[in-house]
Amino acid sequence: MAISRLLVEKFRNLTAVDLDFDPCFNFLIGNNGSGKTSLLEAIFYLGHGRSFKSAVTNRIISYDEPHFTLFGQIQESQHQWSVGLQKLRQGNTLVKINGEDGNKISDLAHLLPMQLITPEGLTLLNGGPSYRRAFLDWGLFHHQTSFYSAWSNLNRLLKQRNAALAQNQPYSAIKIWDVELAKLAHQVSQWRAEYAEALRPEIEQTCQLFLPELEINVSFHQGWEKNADYYEILQQNFERDRALNYTFSGPQKADFRFKAQGLPVEDVLSRGQLKLLMCVLRLAQGEHLMKEKQRHCIFLIDDFASELDQYKRALLAERLQQSGSQVFVTAITQRQLKEMQVENKKMFSVHNGIINALN
């Protein structure tokens with residue numbers, strides 16, 4: 001999977017962009033604030049329908065413009081697609097695939113599996129459980145065809161139940177939802193547990209390469225007592241849930257936990273080690289997708305050199321090259337990319353929102 005061409009209009013400070021990319025490595029060189037992270041953000045938005053920088057659409061659309069537009073040409077093996085996304089200031093999103101309307105963001109996400117590595121991405125490890133649930137759910141979205149529908153229905157039922165709890169409804173009014181909610185909760189949790197277990201040896205093996213000085217242990221917690229019947233828990237805890245106005249236990253509390261030397265990694269590891277572990281997780285997940293589904297991720301790496309010494313940068317560069325994935329990397333200077341000794345690459349300079357190819 002690779003983006004061969006990208007057009008960007010009215011997105012942040014970027015001047016109208018029309019770029020052809022290398023299917024392997026693409027380097028974006030420029031000072032802070034030049035627009036190189038904005039280009040990564042545009043690529044990410046094309047594959048997710050949202051930004052990794054801001055939840056406020058009006059901050060992303062160029063000043064005094066009604067919308068921004070993204071268009072990409074995608075190649076995978078012998079197949080090619082054109083994808084387009086337009087976001088209006090009023091909030092509406094228009095999605096086209098091969099020129100046809102009526103597509104959803106989830107259709108774009110399926111076409112464009114992406115892994116994002118940024119300085120802010122450490123929330124995967126030191127943030128709340130929701131970041132790690134999202135990590136697992138991303139994998140299941142691409143591995144398990146029935147997951148997205150089940151996950152969407154599960155979230156819908158949880159919202160309905162929480163609304164009923166907030167309205168102080170009796171259990172007789174909620175019981176009918178609990179039957180289906182429990183069924184979906186067990187299914188989603190089983191998928192998460194199986195995916196976490198499949199990923200665990202790949203994570204631990206990659207950790208031995210990047211963090212040989214540490215023993216990293218990985219575990220999945222489903223969000224309620226192991227081996228307990230979730231339907232019974234919903235019944236038993238109804239009064240507590242009603243007092244809280246929300247459902248306390250369940251798959252919405254699941255977590256994918258990482259420990260080093262028996263302690264949570266955020267309490268033990270340095271920022272540099274946390275960044276390496278984040279890279280390990282993204283690499284392992286991308287490589288697992290390739291192994292199981294024969295699909296490559298697109299890797300977006302912002303500020304490649306930060307927090308990593310020369311040896312670790314060389315290790316990461318080598319592993320990315322071995323993955324066969326398309327990679328986009330930002331850096332302030334070309335010197336920061338000297339460990340990226342790759343043959344197939346394109347170099348771009350970014351200055352005040354203007355992007356030019358250097359080779």
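Backbone N, Cα and C define each Cβ position, glycine as well.
Listed in sequence order, I332 are the same-chain residues at least 6 apart in sequence whose CB falls under 8 Å from the CB of N32 (ATP binding site). Look at Swiss-Prot and you will find G30, N31, N32, G33, S34, G35, K36, T37 tagged as ATP binding site.
Same-chain residues with CB within 8 A of the center of the G30, N31, N32, G33, S34, G35, K36, T37 CB atoms, the ATP site residues themselves not counted, are S38, T330, I332, V350, H351. Counting other CB atoms no more than 10 Å from each candidate's CB, the binding-site residues G30, G33, G35 peak at G35.
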